[in-house]
Amino acid sequence: MDKFRVQGPTKLQGEVTISGAKNAALPILFAALLAEEPVEIQNVPKLKDVDTSMKLLSQLGAKVERNGSVHIDARDVNVFCAPYDLVKTMRASIWALGPLVARFGQGQVSLPGGCTIGARPVDLHISGLEQLGATIKLEEGYVKASVDGRLKGAHIVMDKVSVGATVTIMCAATLAEGTTIIENAAREPEIVDTANFLITLGAKISGQGTDRIVIEGVERLGGGVYRVLPDRIETGTFLVAAAISRGKIICRNTQPDTLDAVLAKLRDAGADIEVGEDWISLDMHGKRPKAVNVRTAPHPAFPTDMQAQFTLLNLVAEGTGFITETVFENRFMHVPELSRMGAHAEIESNTVICHGVEKLSGAQVMATDLRASASLVLAGCIAEGTTVVDRIYHIDRGYERIEDKLRALGANIERVKGE
């Protein structure tokens with residue numbers, strides 16, 4: 001397994017170009033299964049999960065090519081099963097189920113893998129599809145969905161806010177007979193992006209970005225060209241990198257209005273922030289950040305995917321900060337690793353109490369999930385001495401060329417190839 005070796009401390013400053021959003025690209029790739037004409041998807045990040053998704057679409061019979069953009073022609077899809085060997089590494093494969101059953105009347109997906117963060121059940125996906133008229137069976141580790149004729153529109157009230165299930169229901173409902181209303185829908189920018197992609201193909205969707213999405217079913221979806229929105233979590237990660245190293249950064253090709261909660265907390269931490277139409281600049285003027293209190297919650301509140309990075313910020317900040325995680329359980333696995341580097345933190349239930357220290361020291365640490373691993377790499381950039389981050393395949397699932405981008409900002413980081 002590959003590792004990162006990071007030599008610190010360094011001040012991170014300069015410019016970085018943000019990639020397309022993984023959390024929008026994946027649902028959009030699977031939504032392309034609904035299209036009866038070719039689609040072109042631009043600004044798709046080069047990531048492990050994207051490669052796996054493209055491989056899965058190919059196995060289902062779609063023609064998939066990548067030459068800058070990703071081109072998908074799903075006209076000849078003739079396999080309706082997403083097998084375990086591909087699904088085991090990536091939870092997003094559940095998103096194949098809605099499009100398959102909506103367009104072809106059948107689909108089966110192996111129960112998924114991915115990051116090990118607490119309970120991420122597929123129940124909400126299943127109950128949503130059942131309310132649209134699908135018959136669901138769980139057999140031999142597979143979720144099997146089928147319907148006679150078309151799915152039927154329904155009024156669906158989500159038990160809890162779920163990005164994944166909102167995507168599944170919205171995609172399936174585009175080809176259902178009649179109108180579907182999703183109440184308590186997720187409001188994330190990536191949901192809006194997926195809806196806008198479907199609209200490009202001819203879907204009738206309104207209310208995306210609110211907690212009530214209305215989908216009027218259509219007979220078929222055509223093709224089109226669509227550009228994936230920039231990755232707000234990658235943007236936030238690089239802004240934190242500059243903040244903790246007391247540096248200065250400009251993030252280009254980003255979308256500032258998707259990051260309001262994060263920018264507010266960075267300002268609270270003492271950062272000088274300016275935004276343009278597609279750029280954000282952050283300048284710490286050489287100052288140490290101040291500790292902030294953060295509570296994660298569904299969008300538009302503070303994103304859980306920025307929690308680990310702000311935990312790190314608090315651990316090197318002036319003062320004491322509280323970080324409360326309300327979205328996922330078991331999402332503080334980075335804290336013991338950061339403690340090995342000299343951080344001072346206590347975990348009480350779903351809150352981590354961070355007592356800022358002047359400096360961290362390099363150590364051997366292990367990545368446990370995608371965002372936690374990013375925080376360990378950033379910690380290595382500002383720690384004194386050498387940090388080795390193990391199991392970085394987690395990072396490769398969600399960050400495109402992170403070491404190249406950090407190196408361009410002044411980091412001393414190298415990838416050590418595993419056996």
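Yeah, the Cβs are placed from backbone N, Cα and C, and that goes for glycine too.
Listed features, source Swiss-Prot:
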type: ACT_SITE; residues: Cys115; note: active site, proton donor
type: BINDING; residues: Lys22, Asn23; note: phosphoenolpyruvate binding site
type: BINDING; residues: Arg91, Arg120, Pro121, Val122, Asp123, Leu124, Lys160, Val161, Ser162, Val163, Asp305, Val327; note: UDP-N-acetyl-alpha-D-glucosamine binding site
type: MOD_RES; residues: Cys115; note: 2-(S-cysteinyl)pyruvic acid O-phosphothioketal
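Sequence features annotated in Swiss-Prot and their locations in the structure.
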{"residue": "Lys22", "record": "phosphoenolpyruvate binding site", "Cβ neighbours (10 Å)": "25"}
{"residue": "Asn23", "record": "phosphoenolpyruvate binding site", "Cβ neighbours (10 Å)": "26"}
{"residue": "Arg91", "record": "UDP-N-acetyl-alpha-D-glucosamine binding site", "Cβ neighbours (10 Å)": "19"}
{"residue": "Pro121", "record": "UDP-N-acetyl-alpha-D-glucosamine binding site", "Cβ neighbours (10 Å)": "11"}
{"residue": "Asp123", "record": "UDP-N-acetyl-alpha-D-glucosamine binding site", "Cβ neighbours (10 Å)": "11"}
{"residue": "Lys160", "record": "UDP-N-acetyl-alpha-D-glucosamine binding site", "Cβ neighbours (10 Å)": "9"}
{"residue": "Ser162", "record": "UDP-N-acetyl-alpha-D-glucosamine binding site", "Cβ neighbours (10 Å)": "22"}
{"residue": "Asp305", "record": "UDP-N-acetyl-alpha-D-glucosamine binding site", "Cβ neighbours (10 Å)": "24"}
Cα separation, Asn23 (phosphoenolpyruvate binding site) to Lys160 (UDP-N-acetyl-alpha-D-glucosamine binding site) (Å, whole number):
19
Using the alpha carbons only, what distance in Å do you get between Ser162 (UDP-N-acetyl-alpha-D-glucosamine binding site) and Asn23 (phosphoenolpyruvate binding site) once rounded?
13
Measuring Cα to Cα, tell me the gap between Lys22 (phosphoenolpyruvate binding site) and Pro121 (UDP-N-acetyl-alpha-D-glucosamine binding site) in whole angstrom.
20
How big is the gap, in Å, between the Cα of Arg91 (UDP-N-acetyl-alpha-D-glucosamine binding site) and that of Asn23 (phosphoenolpyruvate binding site), rounded to a whole number?
11
Where does Arg91 (UDP-N-acetyl-alpha-D-glucosamine binding site) sit in the DSSP three-state scheme?
helix
Closest of the binding-site residues to Asn23 (phosphoenolpyruvate binding site), Cα to Cα, picking from Pro121, Asp123, Asp305?
Asp305
Secondary structure of Ser162 (UDP-N-acetyl-alpha-D-glucosamine binding site) (DSSP, helix/strand/coil):
coil
